[in-house]
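Q: Just dropping this structure here.
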């Protein structure tokens with residue numbers, strides 16, 4: 001009798017576990033906008049979530065450690081005039097986040113390390129170039145300050161956030177709504193999916209489609225596609241019978257799939273989250289209450305089912321922590337931030353190991369926060385692999401680094417933010433209204449500080465009474 005040989009893999013026993021109730025983020029009014037965005041973005045410092053807001057679009061940013069019930073007056077980021085559809089943290093600066101909105105703009109924000117007193121309303125830069133709503137944004141993986149946006153005008157625009165300029169506009173490539181856009185590992189190529197049923201591989205600097213595949217999945221519902229580390233394309237979609245399906249493709253031979261697997265019947269689009277270090281892809285469907293995960297290898301059947309994390313509550317969206325934000329001492333290989341209607345629940349994926357030592361095989365060197373290229377180097381044709389860091393001693397986020405935007409016409413746009421060097425505050429160039437505005441702001445800040453001091457002393461007094469009463 002032949003025994004079935006079980007495939008060897010260190011990830012066979014990966015299991016998911018939600019955090020304890022006090023480690024969740026409660027009382028958040030998650031956005032009800034209907035789009036296939038993940039609604040959540042996380043990094044080693046912050047979790048950002050698109051929220052409901054009257055009269056415009058907003059998202060909330062919470063320091064990771066600020067778990068528990070969120071104060072209903074917690075400041076929001078509120079510059080957009082219509083709902084926010086997508087948010088993405090800059091991979092090279094943990095205090096910088098971009099947002100895309102129905103108001104046709106993309107805004108880039110500097111988030112302070114402390115919790116601000118008021119809403120953040122002033123972006124560092126506003127990027128205007130789309131004529132319809134913008135549903136997708138994605139930072140370049142290796143080049144500093146390069147940001148991609150894709151809108152319902154079927155345009156993909158690449159921006160230099162450091163100057164506020166458009167670098168490239170990819171028009172005439174997509175004939176219909178763009179569903180998703182993803183970079184390859186070094187940011188030399190893009191993969192896009194579109195309502196016209198084509199998956200395209202695009203060289204953005206040559207502005208050329210270098211490969212395409214019509215209908216990798218035969219169903220009509222949206223397809224998602226991402227690059228794997230090896231340069232293959234992993235897709236999720238639907239069969240003609242509305243079964244959900246996944247596929248793995250080689251762009252050099254797009255006609256035949258490397259793998260094609262049917263999964264289940266459900267109408268939620270599967271969002272793929274990929275970890276290139278472990279070659280694990282996690283599939284989260286909007287409205288599903290489970291996360292399925294698969295290992296991609298070079299042995300048949302190439303996409304190997306590992307396990308499913310199941311829960312009772314459906315997910316409204318999902319955030320995925322970069323590798324450098326994980327706890328290596330607990331053998332954590334992924335952390336999700338699952339959005340419910342009124343809360344955000346972290347889910348930890350762990351490889352069970354007996355040893356407390358650093359597990360080198362689980363944590364190869366991984367992309368760190370340093371960019372490998374400047375924007376103009378990338379635009380001129382240079383490519384570079386991500387700058388890797390070791391996680392042996394864990395990763396400590398760096399202090400807030402200011403994003404400096406140097407616009408070509410900065411003097412036409414805004415007055416300098418303070419007295420210029422060599423000028424006194426009484427300089428005749430500074431207009432009287434501007435001076436009064438500054439003085440008014442100083443008065444308002446003083447009042448805020450005084451109010452906060454009073455509140456602190458009141459709380460201290462209450463605490464004294466409380467402790468005296470319990471003695």
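Cβ atoms are placed via backbone N, Cα and C, with glycine included.
Bear in mind that TrEMBL entries carry predicted annotations, made automatically and left uncurated.
Pulled these from TrEMBL:
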- 435-462: coiled coil (COILED)
- 4-68: domain 'DUF1899' (DOMAIN)
- 77-111: repeat 'WD' (REPEAT)
- 127-169: repeat 'WD' (REPEAT)
- 171-212: repeat 'WD' (REPEAT)
Q: Based on DSSP, tally up the residues of the repeat 'WD' (77-111) by helix, strand and coil.
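A: Reading the DSSP string over the repeat 'WD' (77-111) gives 0 helix, 22 strand, 13 coil.
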Q: Taking only the residues in the domain 'DUF1899' (4-68), give me the average pLDDT of this model.
A: 91
Q: Residue counts in helix (H, G, I), strand (E, B) and coil for the repeat 'WD' (171-212), per DSSP?
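A: Summed over the repeat 'WD' (171-212), the classes give 0 helix, 22 strand, 20 coil.
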Q: State the residues, same chain only, that lie 6 or more residues beyond the ends of the repeat 'WD' (127-169) and have a CB under 8 A from a CB inside it; answer 'none' if no residue qualifies.
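A: Those are 35, 37, 82, 85-92, 98-108, 175-178, 180-183, 185-187, 190, 192, 202, 204-205, 207, 367, 371-379, 383-387, 403-408, in sequence order.
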Q: Under the DSSP assignment, what numbers of helix, strand and coil residues are found in the domain 'DUF1899' (4-68)?
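A: In the domain 'DUF1899' (4-68), the DSSP-based counts are 3 helix, 24 strand, 38 coil.
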